[in-house]
């Protein structure tokens, strides 16, 4: 007999990290989604500001796939409280899908391990981006820095050195169907030279984040393929990146499909000066901007305070 009700929270995330398109992501504690699941007469979604039809909602699609695969006969009511800003490149859709997969697994005692939940949450991303990419959902499920394998949809958590700090530059810039559009700009093929450069950068970035090597991370946080293709959407990006580096930051990349930017910095960075100069860039373009300085987060977890209807 399944439990009657439970609630979980799932962290935001930044994907790609420059050269690691659909391969790298990192979970942060800046924002969380909370998802409540309980038995009901049918599958129902309750949420504000996002689609509530199960087949158009990331949590709903995740639930539909799990219901199908495990022959779940009970109805499920899924209530979603969006703590993660939607459409800003912070893994909002993936967080809801991750939370739904984790909650349904626990509600019905399905016995799945965290790594097994990734494929179900990735299915949910179809509702947002049109493709089941597992990078954000892997970070929200496992926490930490994740390396994703598209084959078989699996991921591995890697611990990040405490030498580094993180700044999220969050522009209040909404673009309709942004993730689908941003993914449509990605080239279908690349030259061998670009492939070798990005492979080297991904290796440098992972090794540097693990070991605390500033130079490796700085080298790794660059990309001439996906970010270059998407640059017209975010005309401020290069100026923000250059300003961050001039202020002593380790590096800067577009967070996921943007418009948010992730800056990695350390004790050599003139942080206040950097934030002040970056703010001026956005002010000059008439764009509102906010900043967050998150810690690396653990993955989705159950909480004791269910959402009120």
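Cβ from N, Cα, C; glycine included.
Copied over from Swiss-Prot, here are the features:
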type	residues	note
BINDING	85, 86, 87, 88, 89, 90, 91, 92, 93, 94, 95	ATP binding site
Including all protein chains displayed, how many Cβ atoms other than that of residue 91 (ATP binding site) lie within 10 Å of its Cβ?
33
I'd like to know which of the binding-site residues 93, 95 has the most other Cβ atoms within 10 Å of its Cβ.
95
What are the other residues, in sequence order, whose C-beta lies within 8 angstroms of the center of the C-beta atoms of 85, 86, 87, 88, 89, 90, 91, 92, 93, 94, 95 at the ATP site?
12, 84, 136, 256
Please report the number of other Cβ atoms within 10 Å of the Cβ of residue 89 (ATP binding site).
29
85, 87: which of these binding-site residues has the highest Cβ count within 10 Å of its own Cβ?
87
